[in-house]
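What TrEMBL records for this protein:
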type     : residues                                              : note
REGION   : 42-61                                                 : region 'Disordered'
COMPBIAS : 52-61                                                 : compositional bias 'Polar residues'
REGION   : 84-122                                                : region 'Disordered'
DOMAIN   : 247-508                                               : domain 'Protein kinase'
BINDING  : 276, 325, 326, 327, 328, 329, 330, 331, 332, 399, 400 : ATP binding site
COILED   : 505-543                                               : coiled coil
REGION   : 544-641                                               : region 'Knob domain'
């Protein structure tokens, strides 16, 4: 039982660093005998023991080659012995069969599986019920492309015809979950060659953590008594903007009223929402709710959806509150791009007409044209949806456009002007919408011009000519023509569809960028998709190991099946080298947990701490002990023992 010589097993302090690239050999070094499943791992040295590839305990691990040497999906009529190699209770991959997952209840009827539109090749050889063995999964050989399937559920045997084509012979799949490498189309678009392969990217992880932090933020009610504890059906209010002073008289230039913004949780669905409060507004006529209902029906990826409008006195005065979807981490376009006072100073002090050729954009501090076109595509798409619904945006302003992530835009505060400026004398509330839609296009042109100048001073009337000269010098003629079209009064009613030819093939650029971003995020999701399952395994294992007492038996955790699980815990985490130093290999831990969850027939040697006892068991035996012991704890917790 002596392990291979390991001269130096010192590890760096970056054990849980996200620079981990791969799982060398997919687990313990004893699995190096499977060359077909190995991947090169030249940069994951912090998880691989230095000076050798084996430990003194894992060296005696015995793997069952039959699970990989035979075709697992060979058809029964071929007489393949592959089906005999599958132990009862074993799944072809972790979580591939609901019967082998402790969190999924088996179906009571095979009908749902027959209607599945996504055939899974693993289902051909996995028992469909606890009483149906693999060998009986297919009772008759295929005849005319059809197979008679038999399932026994709850003592009732079901026969049905499976028209799914039988898999080809010679197909070999792993019988437990193995982490695949990064998809090549995503790997080649990664900016970093040493990007983590088995963990989510740090940038995306930090962004999600910040969003979660903002979503869960609360205030100390004693420090901010002006914020009520509850408003209508919303509670846990958190100011998203600095609260206006109590004696403030000046009104905002956007809505003509003092406003404030809060994050709150709806007690009806426990979801966070953004509440925009209009101070001192009394709603005297509910006819405007017709427009509110129209806004509530609009669902668009570049519009913050309006959910409801209500009045309240919870703030000590009459207030009108608009409830919107909450997008954590969003900031306004004004704060993202127009928060630099030096940009305005540069724009106004520049001596025009004294330049020799176009100025480089990076020297002028201007935004890339590709970013401006990305914004144009999103804002025009939002306007197109709003105008098609017969409404007008009326808030196309940098202070009312949210930016989340890097380039994602959402038009915020929609519907507020429709309520605040509602004219009761109008028989048709939509009579002025055509005029407001023309104003939307003008506002869009001002936003694009401000982005091109990288300051809001450029949209002022006295600076308009200078701003257009700046656009002409630094940007393409297409962008200049689009701005001129939006800012120039036409003899006819304009439509947002008119600017589509000006955008042209840039739509395809944005579509390609969105799909590539989707590929990257899906790949990051695939890296983390198994983490929850592994955590549940560790949580269950932790409730069993080293339990001081159970049912008044202080030796419960040291006897029977629990003793095996204790030794398995040592096999996972407490292995040492010949020199007595800790042997730490994350790939070994992940691989062993995946094999335990799948219950593979591979054998391992569990050694007692005094090294006087050696127990050779299979992962299938360990899984049975694991599930029985945990069910015993559950029964005791529910008072069934």
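Glycine is treated like the rest: Cβ placed from N, Cα and C.
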(request) For residue 276 (ATP binding site), list the number of other Cβ atoms lying within 10 Å of its Cβ atom. (result) 23
(message) To see if you understand the setup: which same-chain residues, six or more apart in sequence, place their Cβ under 8 Å from that of residue 332 (ATP binding site)?
(response) 398, 399, 400, 401, 402, 403, 412
(request) Take the region 'Knob domain' (544-641) and count its residues per DSSP category (helix H/G/I, strand E/B, coil), listing them in that order. (result) 50 helix, 14 strand, 34 coil
(message) For the domain 'Protein kinase' (247-508), report the average pLDDT of the model, please.
(response) 88
(request) Consider each pair of residues in 276, 325, 326, 327, 328, 329, 330, 331, 332, 399, 400, all listed by the record as binding ATP, and report the largest Cα separation in Å as a whole number. (result) 17
(request) Would you count the other CB atoms within 10 A of the CB of residue 330 (ATP binding site), including those on all shown protein chains? (result) 21
